[in-house]
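All remarks here apply to the structure that follows.
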Amino acid sequence: MEKPELWGVLALLLLCSYTCGSQDLQVIDLLTVGESRQMVAVAEKIRTALLTAGDIYLLSTFRLPPKQGGVLFGLYSRQDNTRWLEASVVGKINKVLVRYQREDGKVHAVNLQQAGLADGRTHTALLRLRGPSRPSPGLQLYVDCKLGDQHAGLPALAPIPPAEVSGLEIRTGQKAYLRMQGFVESMKIILGGSMARVGALSECPFQGDDSIHNAVTSALQSILGEQTKALVTQLTLFNQILVELRDDIRDQVKEMSLIRNTIMECQVCGFHEQRSHCSPSPCFRGVDCMEVYEYPGYRCGPCPPGLQGNGTHCDDINECAHADPCFPGSSCINTMPGFHCEACPPGYKGTRVSGVGIDYARASKQVCNDIDECNDGNNGGCDPNSICTNTVGSFKCGPCRLGFLGNQSQGCVPARTCHSPAHSPCHIHAHCLFERNGAVSCQCNVGWAGNGNVCGPDTDIDGYPDQALPCMDNNKHCKQDNCLLTPNSGQEDADNDGVGDQCDDDADGDGIKNVEDNCRLFPNKDQQNSDTDSFGDACDNCPNVPNNDQKDTDGNGEGDACDNDVDGDGIPNGLDNCPKVPNPLQTDRDEDGVGDACDSCPEMSNPTQTDADSDLVGDVCDTNEDSDGDGHQDTKDNCPQLPNSSQLDSDNDGLGDECDGDDDNDGVPDYIPPGPDNCRLVPNPNQKDSDGNGVGDVCEDDFDNDAVVDPLDVCPESAEVTLTDFRAYQTVILDPEGDAQIDPNWVVLNQGMEIVQTMNSDPGLAVGYTAFNGVDFEGTFHVNTVTDDDYAGFLFSYQDSGRFYVVMWKQTEQTYWQATPFRAVAQPGLQLKAVTSISGPGEHLRNALWHTGHTPDQVRLLWTDPRNVGWRDKTSYRWRLLHRPQVGYIRVKLYEGPQLVADSGVIIDTSMRGGRLGVFCFSQENIIWSNLQYRCNDTVPEDFEPFRRQLLQGRV
């Protein structure tokens, strides 16, 4: 065969090697799978491949924001949400999590480390499932063409029954039933094929399988033909002859050598018995000697362990010089034979090592571990209130801890403390608080305002003193209140005249009184109003379209009534399946015309979005089955058997922190050995704690790692809640039928920390969207009118429109003017009620709320102020609520100025095990809820202890 022909054959074989490995390859673009029939067909292909294919690949290109994550691909059962196969990115801890159904029915999870996918950049990830039908499949993760991690010998995948195929669902790019943040460029699943072929699809030069080489070899043999085979056969026979000839020559040489030695012995010594060459032994002591035919007639075995040489002469091996087996700083002593290491150097602990031979010395090196002197129970000998820092082989004593003054020689003494008035930095009208890191802070008492070190009277209890205070830190709460008698915690002043808008009769300074001004906060002397609403053109976000609510969802300055793209997602309202919620991808899994981003039942068709009980779950998928009573139905609860209304899931593994033994998934259990984890919400497997205060370095000042330091964080153990904010709220109307009164009108000020209700309205609620477990909730209540005498208050543990707690206050005794369906009489005084209405909003709940007392199947009166004193016009009151739903603890206190005027005492009720917060009004106008503050708190107060004992004895 000529060379050109041979090169052509080789080229053809190379082409075959590339294509032969991909004969059964199927590529499916998952982003195009939409219709149910198409999804069933794709699911059947995947099911078949799991049973028959050699390998299955998931190839995706996407971009995730830093520390974000979500499900890349999942194959689930619609009926019971069984997770057959799922691959997700856990951005916070830099891994890919693969979960699948095992043959025993349990879910198996595989962590693939070193992913580095959630960093705001575009990555290509290839997940290879090797041998899914084998008893022990494997997983490989390639990130940007490089192998990141792999696992072999995994438990077998459970086969998907054929009957399940029609009920299978494929999900891509999701996080908690919503689209995950970022951008998914492509998502393909490849059934069968080789790594070489898949690498070509992703432009990655992966090596092919051995099967390709075998195919090339087979093809080459078939092309070269019978003549070459015959030639190869002859060459093989020739080679065998050469081997036999070489063996014959070797035997001849041995025989000739024996004859020569015999002749020489006969000539020199005559004919006598042959002398042994091994007696006496010419070999080194302890080395075996063997008689041989070759000169000099003997052969010595190998030198003993620890020695080297030819068997005749053996010298000691210096293991210390050649293997360096001892820890740096520990002396190595060479012996004859062998070596030994002396004790570990000071500051280290370990074992002495000794042995014989280079191999042993290299495999058994001495290990000495650093001694952490700072954890010896004596702070390393440093002052107990100072910082001890461990170093490699030693330690050093540092400065005094936070809250202490001094040095190592004089000792560290408390600088500020809450335990002793002599060391307390707080004002006489302030109370001392311990922060999480041991620092001390001060907070002015109710009726006083300032920075805590300096406090002054605060008549309207809005957090600002009546007179300016000489504070060293220039704290804003030391500035004089611009409305002394009317709460305005935001200190808004549109015309900058030093008088706050809340008490300025001409807030914008345009010469027109507020009651007559159609733009209270914008100067407009001409009072021009082009449309028919009550807002002048100068302050109307739709000057030519009537819109009294002035709603502006996307905050672009253009009201929703005249904005062609209300949510600002780039999709016109008429084409947007979520007109008021940004969703540029327009994902709609249930194909009901309502996008998943705003769908109250994203997996079940409900185009009308009916939600009769206002619990944010559509009626068609609302089961109202809530085993733990935390306001989340079991099918959507990440801890269905433990109350956790906040649904906090720090590691995004689908298991709520309340029932997750390792909240941050760093391998250190939260509470049990080898824990407890000193940073329970932030991954830190090394548990480094430089100052030894029990809090890891990575979460020292920010326990939940939400970029808000703990003293300023209202929920230091939840990265989802940082500040009090009611700007996003849900309006719940409790008497939606009839037109006797109008609905409430809520105005939110001070960045969500102040709410004003302006209308004489039907009963209604403004409910925030943040749900709480244990919570402390406080605020200032003020009725800014003298023309009405009805109900106002606040609510907590809101779960739906028929289940919540409400604290409500009536000014005077009054019988409700509608006696249907029953007569309702309101008594003056503060009341605490548990609403457990079986009917929900309507006339029954309306009259039950008005009535002071129990109403079967509607409202239970838990407590009422025995003074029967109503609120006074234009007077500020401060409430403080403590609620610990895990034990049913409730306590409400009410202050008028600095004086405590009402205290419910400890009340035990477990009707609602957590929920959302909000405010309440019923037929009362001009209510101000100012200086609102909430704080997550699961610590049970000390005054619960007597009730705990009674609960254990079954007496409560």
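Glycine is treated like the rest: Cβ placed from N, Cα and C.
Under the DSSP three-state reduction, Cys314 (disulfide bond) is assigned to strand. Take the CB of Cys314 (disulfide bond) and look out to 10 A: across all protein chains shown you find 21 other CB atoms. The disulfide bond feature in Swiss-Prot is assigned to Cys303-Cys314 (among others).
For Cys341 (disulfide bond), the same-chain residues that are 6 or more apart in sequence and have a Cβ closer than 8 Å to its Cβ are Pro325, Cys326, Phe327, Ser330, Ser331, Cys332, Ile333, Arg352, Val353, Ser354, Gln366. Residues or ranges marked as disulfide bond in Swiss-Prot (evidence: sequence analysis): Cys326-Cys341 (among others).
Per Swiss-Prot, the feature disulfide bond maps to Cys344-Cys368 (among others). Residue density at Cys368 (disulfide bond): 20 other Cβ atoms are found within 10 A of its Cβ, drawing on all protein chains shown.
In the shown protein chains, 23 other C-beta atoms lie within 10 A of the C-beta of Cys374 (disulfide bond). The secondary structure of Cys374 (disulfide bond), as reduced to three states from DSSP, is helical. Among the features that Swiss-Prot reports, disulfide bond is placed at Cys374-Cys388 (among others).
Summarising the annotation, Swiss-Prot assigns disulfide bond to Cys382-Cys397 (among others) and lists sequence analysis as the type of evidence. Around Cys382 (disulfide bond), a 10 Å sphere centred on its CB holds 21 further CB atoms from the protein chains shown.
Annotation comment: Swiss-Prot describes Cys400-Cys412 (among others) as disulfide bond. Taking Cβ-Cβ distances under 8 Å and a sequence separation of 6 or more, the neighbours of Cys400 (disulfide bond) in its chain are Asp383, Asn385, Ser386, Ile387, Gly406, Asn407, Cys412.
Around Cys442 (disulfide bond), the same-chain residues at least 6 positions away in sequence with a Cβ under 8 Å from its Cβ are Pro425, Cys426, His427, Ala430, His431, Cys432, Leu433, Asn451, Gly452, Asn453. Marked as disulfide bond by Swiss-Prot: Cys426-Cys442 (among others).
DSSP assigns Cys478 (disulfide bond) to a helical segment in the three-state reduction. What Swiss-Prot records for Cys471-Cys478 (among others) is disulfide bond.
The disulfide bond feature in Swiss-Prot is assigned to Cys483-Cys503 (among others); the stated evidence is sequence analysis. Taking the Cβ of Cys483 (disulfide bond) as reference, residues of its chain lying under 8 Å away and at least six apart in sequence are, in sequence order, Asp460, Asp462, Gln491, Val499, Gly500, Gln502, Cys503.
Annotation source Swiss-Prot lists disulfide bond at Cys578-Cys598 (among others), citing sequence analysis. Within 10 Å of the Cβ of Cys598 (disulfide bond) there are 18 other Cβ atoms, across all protein chains. Secondary structure at Cys598 (disulfide bond), taken from DSSP and collapsed to helix, strand or coil, is helix.
Long-range Cβ neighbours of Cys621 (disulfide bond) (same chain, at least 6 residues apart, Cβ-Cβ under 8 Å): Ser600, Cys601, Glu603, Met604, Asn606, Thr635. Secondary structure at Cys621 (disulfide bond), taken from DSSP and collapsed to helix, strand or coil, is helix. The disulfide bond annotation in Swiss-Prot covers Cys601-Cys621 (among others).
Residues or ranges marked as disulfide bond in Swiss-Prot: Cys639-Cys659 (among others). Here Cys639 (disulfide bond) comes close to Asp628, Leu655, Gly656, Glu658, Cys659: these same-chain residues lie at least six apart in sequence, with C-beta atoms under 8 angstroms from its C-beta.
Summarising the annotation, Swiss-Prot assigns domain 'Laminin G-like' to 22-193.
Among the features that Swiss-Prot reports, domain 'TSP C-terminal' is placed at 727-941.
The DSSP breakdown of the region 'Disordered' (518-537) into helical (H, G, I), extended (E, B) and coil residues amounts to 0 helix, 0 strand, 20 coil. Taken from Swiss-Prot, the feature region 'Disordered' covers 518-537 (among others).
Positions annotated as region 'Disordered' by Swiss-Prot: 546-699 (among others).
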In whole Å, note down how far the CA of Cys374 (disulfide bond) lies from the CA of Cys478 (disulfide bond).
43
What else in the chain is close to the repeat 'TSP type-3 3' (528-550), if you only count residues 6 or more beyond its ends and a Cβ gap under 8 Å?
517-522, 557-562
May I ask for the distance between Cys303 (disulfide bond) and Cys382 (disulfide bond), taken between their Cα atoms and rounded to an integer number of Å?
56
Say you check the Cα of Cys314 (disulfide bond) against those of the disulfide-bonded residues Cys344, Cys382, Cys397, Cys471, Cys578; which is nearest?
Cys344
Could you tell me the C-alpha distance between Cys397 (disulfide bond) and Cys368 (disulfide bond) in angstrom, no decimals?
23
Sequence order is fine: just name those disulfide-bonded residues in Cys344, Cys382, Cys471, Cys578 with a Cα within 10 angstroms of Cys388 (disulfide bond).
Cys382
Cβ neighbours of Cys388 (disulfide bond) where a neighbour is any other Cβ within 10 Å:
23
10 Å Cβ neighbour count around Cys303 (disulfide bond)?
22
From disulfide-bonded residues Cys368, Cys382, Cys578, Cys598, the one whose Cα lies nearest Cys374 (disulfide bond):
Cys382
